[in-house]
């Protein structure tokens, strides 16, 4: 298949507008003046005094135009040998996998945020001094249903919403009630956050759903994977894992929220055959959300992100269908917290 072409000017301009909207979503006080790279007076309503800043290398171009080039849709999949400048070591053998959102619109409906985009896994295979590139979309249930319908069907965690007819909405509501599910909670698992190979399995993962199993050679999607029954739809797998070199285990976690105002944290340890060797369950009296964690010799360390404030009110907004979780994301300085749990509680 041919190599991807350079983005058309119109696509870059549309991507720039997307980037501007993402910036405004995270930092509502950010003005057009700031976004265009001009200096706003310190102390004005448009300054970002509450937002931590760091000094960046001048070589990095973080203008909306430059960043926007990374957020243009790529509907095509590719499979071709890469051109190499210089030489690759002949002894270099292996495959580098990467995963991320590949589509910024679904059949003409623009996404509110890239995180709602379907996952595209890319692989660069190194062998005998050559490099080969391959990319494929993760053929999730949602991806295939929308491909068949040629339109957006599912909600996105960052606020992307379909526009069903009254008949379609009523049909979905009845179906959810019959299956004892909360109506209005059809969020798509785009499998777009991470990809890793462990124990003979290549998994495409997301923050709030089951992983998808891929063929490591072809990137073809095999389907959802429960890791030998260790997981189910309510106990899903986080996107970010840790490898314990001392025990040769893969460690991961999941959260389960309840309307009661409580939540549970599940911590899993797997060997290279995906046998579940350890499982811890910790309960909290209020809502918490962790994006990632640290692993030390003796402890699991979890950090509550200050970008989420999981209250009963916010959860009710999500369940009602009025808001998606990502639409309630803001910087809450007082919400940061951390916990540590012994790896071996005995």
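Heads up, the Cβ atoms here are built off N, Cα and C, so glycines get one too.
Nobody curates TrEMBL annotations by hand; they come from automatic prediction.
Listed in TrEMBL for this protein:
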type	residues	note
BINDING	240, 291	Fe cation binding site
Residue 240 (Fe cation binding site): tally of other CB atoms within 10 A of its CB: 16
Residue 291 (Fe cation binding site): tally of other CB atoms within 10 A of its CB: 15
For residue 291 (Fe cation binding site): DSSP state (helix, strand, coil): strand
Where residue 240 (Fe cation binding site) falls in three-state DSSP terms: coil
